[in-house]
Amino acid sequence: MATVADIKSALENVKYPGFAKSIIEFGFVKDVQIDGSACILTLDITSSAKEVESKLREDITQTLSGIVEEVIINIKKPEEEKQQSNSTSGKNIAPHIKNFVMVSSGKGGVGKSTTTVNLAVAAAMQGKRVGILDADIYGPNIPRMMGLQGREVEVIGNKAKPFRIHGVDVMSMGSLMQEGQALIWRGAMIMKAIEQLLRDILWENLDILFIDMPPGTGDAQLTLAQSVPVTCGVNVTTPQHVALDDSRRSLDMFEKLHIPIGGIIENMSGFICPKCNEESDIFGMGTCEALAEQYNTQVLGNLPIEPAIREGGDSGKPVVYFQPESESAKRYMIASQKLIEYVDQVSDNVSNEEIQPTTPPGVSACSTAGASTQAKSSNGGGCGCH
Ligand SMILES: Nc1ncnc2c1ncn2[C@@H]1O[C@H](COP(=O)(O)OP(=O)(O)O)[C@@H](O)[C@H]1O
Ligand SMILES: [Mg+2]
């Protein structure tokens with residue numbers, strides 16, 4: 001007949017899901033009782049995730065199967081996170097995140113990731129609970145820009161825990177893929193990846209999740225907008241007219257997806273000389289004002305080309321946090337403040353009901369040939385990316 005000590009010793013072999021330590025070492029086993037041929041266990045764990053509980057039940061039952069005839073397991077855990085989102089309709093696969101800000105650009109290289117990082121860190125510095133999701137599957141640069149390169153993702157149950165750095169929770173496609181690995185993404189894969197980045201990451205209750213999107217307007221943008229009610233979009237552009245043409249497509253996409261436009265960041269708007277501090281015009285400053293007017297939105301900020309911004313990106317030390325006295329840091333702080341005000345204004349009225357797919361569940365409206373006729377016949381729903 002097994003004793004309490006035998007049971008506890010056997011339980012030393014049961015690891016807490018995702019960790020090298022056992023449930024005994026963590027102190028999660030609060031009570032062990034023997035009742036005839038049965039063993040009654042009480043555990044008090046720190047995760048509310050269903051996956052953690054079911055993995056524990058499975059491992060404990062298996063470990064004790066040769067020792068006792070029956071195992072009764074009581075698991076106490078924190079309450080599941082309550083829905084915080086103000087969305088009243090549509091779909092939301094991450095309801096404990098209050099606001100989603102989609103950062104987009106018409107093309108790559110205009111400073112989208114740099115802007116995401118600095119706006120997010122600035123919002124955290126202004127007291128918001130902030131996360132960054134790097135959904136740029138083609139060029140995930142956030143790990144480098146936040147100083148996370150080489151850091152291993154911690155897995156709990158079958159979910160991944162975001163990193164916490166510079167006051168922000170961060171998860172990147174780059175941390176989940178092998179470094180330098182090139183992937184060819186097709187429609188259905190993109191949809192799955194975006195959904196998993198929202199559903200299978202252990203995001204805490206956040207005020208704002210900033211999402212660095214791949215450049216352009218495609219499957220990733222559509223999937224994100226259909227999966228969660230995006231509070232607003234931010235467009236990043238450089239001021240040359242060619243860049244503005246691409247920007248229009250990006251702003252049109254926000255409109256098509258019923259995403260309120262939070263504003264435009266005019267990046268590389270002028271050059272601040274590190275020697276004399278004088279600002280000179282290179283690409284044509286101020287051209288975004290007219291664009292903002294056309295889309296009934298605001299310019300959140302004009303960010304100069306400043307070496308400190310690039311250095312901060314390369315070294316993983318965002319300028320807004322590490323060089324708060326720089327001109328760029330001050331402009332990012334103001335831009336973030338304006339954005340937060342906008343988010344607070346529209347947060348209650350955001351819905352993605354009208355852009356839900358009209359295809360059957362699990363079938364992509366973007367890339368599955370069989371579903372395309374049905375998607376196209378809808379009244380503005382379905383896919384705009386053909
Ligand atoms: N305002 C700026 N001043 C100086 N360098 C910048 C500025 N904005 C972006 N950069 C640099 O330009 C490069 C491209 O920016 P990045 O944010 O990666 O663009 P994207 O995400 O749009 O591809 C990076 O090396 C970044 O550090
Ligand atoms: Mg980028």
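Yeah, the Cβs are placed from backbone N, Cα and C, and that goes for glycine too.
Counting every protein chain shown, the number of other Cβ atoms lying within 10 Å of the Cβ of Gly111 (ATP binding site) is 22. When secondary structure is read from DSSP and collapsed to three states, Gly111 (ATP binding site) falls in the coil class. Taken from TrEMBL, the feature ATP binding site applies to Gly106, Lys107, Gly108, Gly109, Val110, Gly111, Lys112, Ser113.
The compositional bias 'Polar residues' annotation in TrEMBL covers 365-378.
The domain 'MIP18 family-like' feature in TrEMBL is assigned to 5-67.
Annotated region 'Disordered' per TrEMBL: 351-386, in sequence order.
Within the set of binding-site residues Gly106, Lys107, Gly109, Val110, no residue has a CB atom less than 6 Å from any atom of ligand 2. Counted within 10 Å of its Cβ, the other Cβ atoms near Val110 (ATP binding site) come to 23, all protein chains included. Using the Cβ center of Gly106, Lys107, Gly108, Gly109, Val110, Gly111, Lys112, Ser113 for ATP, the list of other same-chain residues with Cβ within 8 Å runs, in sequence order, Ser105, Pro215, Val236. This prediction places the mean pLDDT of the domain 'MIP18 family-like' (5-67) at 90. Summary for the binding-site residues Gly106, Gly109: the Cβ-based neighbour count within 10 Å is maximal at Gly106.
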